[in-house]
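Look at TrEMBL and you will find 1-78 tagged as domain 'PH'.
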Amino acid sequence: AVLKKRLVKLVVNFLFYFRTDEAEPIGALLLEHCRITKEEENVFSISFVEEPERKYCFECDSKEQCQEWIEALKRASYEFMRRSLIFYRNEIQKMTGKDPLEQYGISEEARFQLGTHKQ
């Protein structure tokens, strides 16, 4: 394993990484179908379902910063956002009796549905 110092920036569900002396990213990780794992007190890793043997490790300045990154990255996936939307849409509908997305022209047929597969 080779350690390289990189700056990272999370934008929606992409984790861009940069050389410390350059403004343009040298790459990006799409945070879908991935596993975020705490490796050590201030180290976490990202691995992907399609490539489980390849792991990207990140070292933070503190364990608190490491935990913040882990939480942010876990919330960054489309799947997490979709589940959150479904959950809050249903909660609002229970409380108000109205579909909060109806005003935006999203019909019953186009409702976001959770899959039946278990995780």
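The backbone N, Cα and C atoms fix where each Cβ goes, glycine too.
Bear in mind that TrEMBL entries carry predicted annotations, made automatically and left uncurated.
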By DSSP, how many residues in the domain 'PH' (1-78) are helix, how many strand, and how many coil? 13 helix, 38 strand, 27 coil
Mean pLDDT across the domain 'PH' (1-78) comes out at 91
